[in-house]
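The feature ATP binding site is assigned by Swiss-Prot to A10, Y11, S12, G13, G14, V15, D16, T17, S18, A38, G119. Annotation comment: Swiss-Prot describes Y89, N125, R129, S177, S186, E262, Y274 as L-citrulline binding site, evidence class sequence analysis. Residues or ranges marked as L-aspartate binding site by Swiss-Prot: T121, N125, D126.
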Amino acid sequence: MGRADKVVLAYSGGVDTSVCIPYLKNEWGVKEVITLAADLGQGDELGPIQAKALRCGAVESLVTNAQEEFVTEYAFRAIKANALYENRYPLSTALARPLIAKLLVEAAEKYGADAVAHGCTAKGNDQVRFDLGILALNPNLKVLAPAREWNMSREETIAYGERCGVESPVKKSSPFSIDRNLLGRSIEAGPLEDPMTEPPEEIYLMTKAIADTPDTPEYVDIGFEKGIPVSLNGQTLDPVSLISQLNEKVGNHGVGRLDMIENRVVGIKSREIYEAPALLVLIDAHRDLESLTLTADVTQYKHGVGDTYSQLIYRGLWYSPLKTALDALIDQTQERVTGMVRVKLFKGNAVIVGRQSENSIYSANLSTYGSDDAFDHKAAEGFIYIWGLPTRVWAQKTK
């Protein structure tokens with residue numbers, strides 16, 4: 001008896017998920033494999049994917065366009081939270097996983113599958129994100145992870161696929177593992193596993209090398225409504241177009257690259273290369289607008305909220321009660337975060353040079369050092385006396 005009768009497989013068209021199709025059928029006795037590919041802005045990669053899945057042995061190949069949902073329900077929530085994992089990574093790849101898990105569960109329920117499957121390995125983060133997401137949405141579904149159990153190297157996986165008629169889109173001389181969606185790209189493996197190896201320029205597609213960027217700066221005005229980016233240079237755009245256009249503008253100036261050592265969920269350190277031009281600039285601009293419109297205590301408290309939020313996303317806990325509770329808190333803080341932030345793009349830098357909001361709590365009369373200063377200077381001495389009282393008492397008692 002096989003491990004399942006009908007399986008919905010998360011499908012990317014790459015080596016691992018393509019090999020999963022014959023492996024599930026030949027090794028685990030699965031009768032029917034339905035593949036599901038989520039169109040999250042990968043571009044031309046999804047063109048031949050349906051035909052390839054069928055050639056690999058799938059009985060049906062589904063492609064779901066979820067770009068708008070990806071941006072509005074996942075990316076925009078991360079932006080409102082200022083979510084940067086380990087203060088650097090904007091979670092461009094991680095944000096896609098809970099959405100794919102949701103689509104897998106919906107397809108399994110629609111087609112009467114008793115299991116879902118993915119091609120994640122035992123050392124990666126995505127296995128955790130998929131498994132926990134599926135578990136949270138439908139605990140009755142089995143989760144199959146062939147690549148976690150088959151104990152094959154990448155070369156052996158490619159060879160197994162070739163024996164089963166699976167063509168590989170990756171040349172054996174090109175060892176990089178790449179994931180792409182509308183928000184960005186992640187590149188790992190091969191020579192990049194040496195932390196001292198400089199990434200070759202050819203791995204980058206969304207961002208230009210500094211030497212190839214324009215010699216004049218470009219200014220971009222980013223408009224926000226209640227924490228959500230809605231316009232570029234005064235033009236209101238739909239969510240997908242806004243991300244796409246900003247990716248192009250920002251990447252054209254060499255902004256949006258990350259080269260970092262990150263701590264994976266499973267406890268190992270991994271060297272990762274990321275491109276996320278729009279997402280990085282949007283988080284920076286959003287955080288700046290918050291500084292103009294929110295009180296100091298709310299702004300400071302949100303630093304911790306953003307850190308926790310980023311860890312929940314990274315560790316596969318998108319559908320957790322804590323994340324739901326944090327969403328409610330974040331949404332309340334964003335009621336005032338409406339306005340515009342001006343960003344200067346030039347030679348690998350994105351510098352915020354201006355901001356404005358009808359909800360600004362910045363007071364020029366209080367901040368100025370000019371003649372129209374409205375600050376009561378005489379009040380400072382009394383304030384310092386009260387504020388410093390604990391320090392004074394401590395010093396008196398301990399010196």
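Heads up, the Cβ atoms here are built off N, Cα and C, so glycines get one too.
Summarising the environment of S12 (ATP binding site), the number of other Cβ atoms within 10 Å of its Cβ, over all protein chains shown, is 22. Annotation for G119 (ATP binding site): spatial neighbours L9, A10, S12, G14, D16, T17, V19, C20, A145, P146, A147, criterion Cβ-Cβ under 8 Å with sequence separation of six or more.
Secondary structure at S186 (L-citrulline binding site), taken from DSSP and collapsed to helix, strand or coil, is strand.
Take the mean position of the Cβ atoms of T121, N125, D126, the recorded L-aspartate site; other residues of that chain with a Cβ within 8 Å of it are C120, K123, G124, Q127, V128, R129.
The Cβ of S18 (ATP binding site) has 30 other Cβ atoms within 10 Å, all protein chains considered. Least packed by the Cβ count within 10 Å, out of the binding-site residues D16, D126, E262, is E262.
Among the binding-site residues listed (S18, T121, D126), D126 has its Cα nearest to the Cα of Y89 (L-citrulline binding site). Counting only same-chain residues six or more apart in sequence, the Cβ atoms lying under 8 angstroms from the Cβ of S186 (L-citrulline binding site) belong to S92, T93, I178, D179, R180, E272, I273, Y274. If you measure from the Cα atom of S18 (ATP binding site) to that of T121 (L-aspartate binding site), you get 14 Å.
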